[in-house]
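Features of the protein shown, as given by Swiss-Prot:
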- 20-27, 88-92, 142-145: GTP binding site (BINDING)
- 11-280: domain 'tr-type G' (DOMAIN)
């Protein structure tokens with residue numbers, strides 16, 4: 001049976017994100033992936049500060065200065081017969097919920113681990129998020145050109161700490177100065193490493209067969225013997241790769257390599273296009289939408305300001321779930337019940353924009369947004385439904401924000417509300433006074449907000465500490481009890497950027513006591529967009 005042209009396009013798509021701890025090499029891998037997909041001609045190695053060659057995927061002012069990727073960029077490139085969409089997530093102090101929400105827009109993740117360090121804190125957090133949807137995970141053990149931990153230990157650590165089985169696909173031969181290459185367990189081939197070829201794709205010498213004398217000649221008898229001994233252990237002790245278990249999120253295929261040395265990334269990409277799922281179905285509040293449906297649907301998972309410093313614009317990122325986008329199409333924005341004509345959607349190669357003529361499930365579109373689109377918005381061809389599972393998280397850090405120039409209160413509020421719609425930060429306005437409280441998931445978000453208020457809204461703001469430990473969204477089915485709760489707790493209540501009522505607790509003890517005192521009121525840690 002041959003697939004229709006539409007279904008062929010759907011089957012070609014692979015949409016994934018990279019998750020890692022800061023400095024495990026995510027930006028470098030992103031570049032090398034693009035290099036293998038021929039999307040960039042030479043990879044700009046991630047830079048020392050002040051160098052002119054910025055990595056392709058870091059593009060807001062502050063990112064350029066700090067050498068970190070703050071915002072989620074989207075890059076599409078061809079690989080073999082597939083079209084791959086890579087969503088880049090912020091790496092540092094995991095900037096914000098942006099990262100978590102980006103993971104709701106992908107069908108698969110690549111986990112990058114620094115093989116000298118093993119599983120680190122941020123990786124654990126991000127893995128918990130992927131677990132909510134049983135997202136399939138591929139693993140890349142990076143930095144083999146440095147001295148690394150014992151590979152068996154690394155696999156054990158991933159299995160024990162992240163509760164996912166490991167199925168090694170390739171296995172390293174030596175490491176650091178003695179790194180010679182990797183052996184492919186399923187192809188029975190050894191790929192030999194040459195140093196210093198980071199910017200170009202190198203011709204790799206391949207030795208067929210584990211017992212081939214050429215292998216001993218190429219890597220030395222000691223390392224060849226060590227490889228054979230290790231493989232006996234590995235094959236006895238680790239999982240075999242099984243595609244069904246991979247798709248269920250129960251085992252992860254593991255690849256070894258060095259992104260900086262441009263080695264091993266293509267083995268992982270081969271696995272990604274062979275095994276990762278084509279665009280998956282999604283839940284809405286009324287039914288499940290399949291990618292094979294020809295009517296268009298999509299949801300907004302992120303809003304980003306100023307992708308173009310020359311224009312004060314904001315772009316909403318939409319993941320296409322079903323149907324084909326065509327230029328000039330009329331779509332229903334379900335939340336406000338309005339039909340909008342979308343004629344100038346964008347596709348990205350981080351920061352380079354080009355207008356799209358068409359897009360298919362799995363693709364990410366950029367919609368120009370003048371404040372009318374919010375995170376979580378669903379677009380359809382008329383059907384009234386809403387995609388679920390795009391979360392807002394209660395912030396963990398709070399500061400009061402105030403102006404150096406009190407006359408700019410209006411600009412400050414506008415800036416904060418826009419930044420909160422974008423998911424860069426959350427803003428709370430206490431009911432009983434005129435304070436503005438900013439809530440964030442990571443410390444760096446506070447700096448980002450002040451920098452962006454200054455550069456985009458021309459507002460100079462400073463922070464003060466504030467007596468808030470945590471926040472919860474509150475609601476109740478019992479109107480009478482809710483009124484009483486609101487009356488008695490007025491000093492602890494605030495409205496967030498979307499005017500949702502929030503309880504801001506000075507201490508965790510206070511929160512627990514208040515929850516006990518008002519059993520009819522729900523205190524929520526997350527809120528659906």
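Quick reminder: no glycine exception, Cβ is built from N, Cα and C everywhere.
Neighbour density for residue 20 (GTP binding site): within 10 A of its CB lie 24 other CB atoms from the protein chains shown. Secondary structure from DSSP puts residue 89 (GTP binding site) in coil. Confidence for the domain 'tr-type G' (11-280), expressed as mean pLDDT, is 83.
Residue 20 (GTP binding site) falls within a strand when secondary structure is assigned with DSSP.
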